[in-house]
Amino acid sequence: MPKPINVRVTTMDAELEFAIQPNTTGKQLFDQVVKTIGLREVWYFGLQYVDNKGFPTWLKLDKKVSAQEVRKESPLQFKFRAKFYPEDVAEELIQDITQKLFFLQVKEGILSDEIYCPPETAVLLGSYAVQAKFGDYNKELHKAGYLGSERLIPQRVMDQHKLTRDQWEDRIQVWHAEHRGMLKDSAMLEYLKIAQDLEMYGINYFEIKNKKGTDLWLGVDALGLNIYEKDDKLTPKIGFPWSEIRNISFNDKKFVIKPIDKKAPDFVFYAPRLRINKRILQLCMGNHELYMRRRKPDTIEVQQMKAQAREEKHQKQLERQQLETEKKRRETVEREKEQMMREKEELMLRLQDYEEKTRKAEKELSDQIQRALKLEEERKRAQEEAGRLEADRLAALRAKEELERQAADQIKSQEQLATELAEYTAKIALLEEARRRKENEVEEWQLRAKEAQDDLVKTREELHLVMTAPPPPPVYEPVNYHVHEGPQEEGTELSAELSSEGILDDRNEEKRITEAEKNERVQRQLMTLTSELSQARDENKRTHNDIIHNENMRQGRDKYKTLRQIRQGNTKQRIDEFEAM
């Protein structure tokens, strides 16, 4: 039994490993990959590898994998990538997985500067990429620095502005918050709708020469062939829609395109290498086929896919609405719980205040009672002292009377009697003064006792009011709420007929306008970002593409206006113009 061959296929977000047989064809491997990732819109994609000479090459589906010039290593390395692009992502991409793969590939192209993107658009796209990864901005979850490990905008744009990494993140965070309510899948689609208006989006560029030997670029995309000057990949000069081309062929390095207009000459150019002509031919055939398919009724398979996608989208919207309803209910319960907790805390504080006032009133009452008792004791002592003094005074009066009688009855020495009389008179005066002081003290103590008694009565009334005040209302706890969450040596000449039956006049792509032009919100966001970034821009670091883009903007040109302009005139006139470049 032949030894199996190990193969590794890298998609934009995963690595897949398979073991294939030596006779496995490219289509069998491709089918195995798309089945594994659940992709049905297979016509946009292909398997890319690096050949023995170091050139990126698309795997031929009709040949054995082992018979193609895949670099010999174990495992064999392939990239699963978009080979062809839709004209309008919003109209054509059906499956979410298809949108995601395009989103990741286009984002990588913009961040690596393979697709030129002006600064203001880069920041807006960065915010959609953040919405696509993180969902709605939530300041509780998305703390400062949550974008620290994310590649958000091209390094070129960062180098051209005097802003720190944190300042870039702050700007993108502000715009991230603007996208609140947008589903992750919708954010990816919005990203692509803006990105598809970039001048270099979806274009394969090839170096060519015209008959004069002028170095030019050939751009192959979903709408046709465009010719660019060597120093300007943003602004095509001549365009040929697929509906004007009936045959493409090459002989060695010479490539010939035959227009449908029989009066027009062949469109001839030269590529530097034979393998480039092979790639051009493959891309022309594939893009022309898709161009035709888009202009015909959908096949049964595509109709079924679109119906299924609509049903899935409707189901997601229902689930989203249910989640939003559940989220709002949960937030309402949380708010009610927080409100009740606040009310509980307020009531507890009021209760503590009542208790503190009661304690203070009781202490004040106790202190006043003590003061009243003390005053009463002082009053009694003063009264007793006054009584003693009164008794002494009366005794002195009696003694005086006795002496006066003795003075009358006895004959004594006048001097002795006078001396004794003077002594008793002085003593009586002293006792009289002491009696008056004690009487004043008694009156003062009686007044203070009365004041203390009045304070005691007032305090008892206040305490009675506090103790009889209505208690604070009871605190209700919230109800518990649970939320569940080949080589070409076979020959050097190949030719392909491109049928354009029924679509000769169908060039509605020329009527398109940019997303910014038809979406006022995007237009407003881009204008705001342009104004913000202009203040931090270092004009000395503008690149050649920046200068070209700004000049196009100044002249009012965009991708679709340029497309209309470069297709003006008949086919012969445009071919003559190409030859004259």
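Every residue gets a Cβ built from N, Cα and C, even glycine.
Quantities reported herein were computed from a predicted structural model and do not represent experimental measurements.
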Quiz item: In Swiss-Prot, which of 55-60, 115-120, 253-258 is tagged motif '[IL]-x-C-x-x-[DE] motif'?
Solution: 115-120
Self-check item: Positions whose Cβ lies under 8 angstroms from the motif '[IL]-x-C-x-x-[DE] motif' (115-120), at least six residues beyond its ends
Solution: 106, 109, 153-154, 157, 160-161, 195, 198-201, 233-234, 526, 529-530, 533, 537, 545-546, 549
Practice problem: Mind checking which residues of the chain, 6+ beyond the ends of the region 'Disordered' (534-560), have their Cβ under 8 Å from one of its Cβ atoms? | Solution: 116, 118-119, 156, 159-163, 197-199, 231-235, 509-510, 512-514, 517
Exercise. Can you grab the distance from K60 (N6-acetyllysine) over to T562 (phosphothreonine)? Cα atoms, rounded to a whole Å.
Key: 34
Self-check item: Structural state of K60 (N6-acetyllysine), classified by DSSP into three states
Solution: coil
Quiz prompt | Residues of the motif '[IL]-x-C-x-x-[DE] motif' (115-120) by DSSP state, where helix covers H, G and I | solution = 2 helix, 0 strand, 4 coil
